Amino acid sequence: MFGDVHPWMIPITFFYLIIIPIGISGNFIMVLCYFKNPRLRTPFHILLTLTCLADLMHVCGQIVFVYHLLAEVTIPQPTCFLINFLPILGLTSAGPLLFEIGLDRLFAVTFPFRYRNSQNQRFRYTVFHLMFPIIYSSGILYLGFLERDFEKQVRCAIPTSLNGASFKLFTLSSHAIYVSIIFAYCLTGILLRMRDASEFWEAESRGSLRCTLSCQSTLTSSND
């Protein structure tokens with residue numbers, strides 16, 4: 001069964017057999033919660049739900065990969081692209097959606113009053129955050145469609161669905177996106193810590209001021 005398969009692919013295959021049902025069920029529950037709870041209609045929760053939906057589509061694509069690896073079958077590369085169209089869409093949009101969530105949190109922490117005002121125009125705010133994921137994933141899919149190779153036989157997986165420059169572009173750009181995600185979340189965490197520290201020292205200053213004023217009033221009363 002695994003005669004011409006790289007040895008590292010064997011444990012990865014069984015790892016996917018465990019991860020696939022967990023990923024599908026977990027993301028499906030998150031999407032279901034969005035539709036069940038009316039309170040989850042904020043732009044943040046919309047972005048989060050779309051990220052879960054994108055990851056759900058991506059995980060479903062691993063079923064195709066596991067089947068082709070275990071069955072030792074190959075199909076034309078354009079057919080693989082069509083089969084994995086939705087998984088590729090999920091994979092290419094999940095990173096940008098996470099990046100937009102990071103920007104949303106950073107905006108909420110940095111400019112809390114402006115953020116509250118932006119929630120009054122939820123549709124425009126949400127569309128603004130969806131522009132980058134839509135443009136990015138559409139570009140990768142369009143480039144992958146142009147690069148289909150009708151003479152190439154592949155074991156269908158998401159990497160083999162994209163051919164040539166489209167896969168290289170996705171790999172390099174996704175690295176930059178995920179580094180930006182880490183930077184955005186780290187910066188948000190630092191700002192939160194600084195705000196908590198400033199609120200702590202502000203509370204301490206107010207306490208000290210009250211203590212000083214009370215002591216002064218006590219001394220004044222005793223002198224009188």
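Backbone N, Cα and C define each Cβ position, glycine as well.
Some features that TrEMBL has for this protein:
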type     : residues : note
TRANSMEM : 12-35    : transmembrane segment
DOMAIN   : 26-224   : domain 'G-protein coupled receptors family 1 profile'
TRANSMEM : 47-70    : transmembrane segment
TRANSMEM : 82-103   : transmembrane segment
TRANSMEM : 123-145  : transmembrane segment
TRANSMEM : 169-192  : transmembrane segment
With Cβ-Cβ distances below 8 Å as the criterion, list the same-chain residues six or more beyond the ends of the transmembrane segment (123-145) that contact it, or say none.
43, 46-47, 50, 81, 85, 88-89, 92-93, 96-97, 99-100, 103-104, 161-163, 165-167, 169-170, 173
How about long-range neighbours of the transmembrane segment (12-35): same chain, 6 or more residues beyond its ends, C-beta under 8 Å?
45-46, 48-49, 52-53, 55-56, 59-60, 62-63, 65-66, 69-70
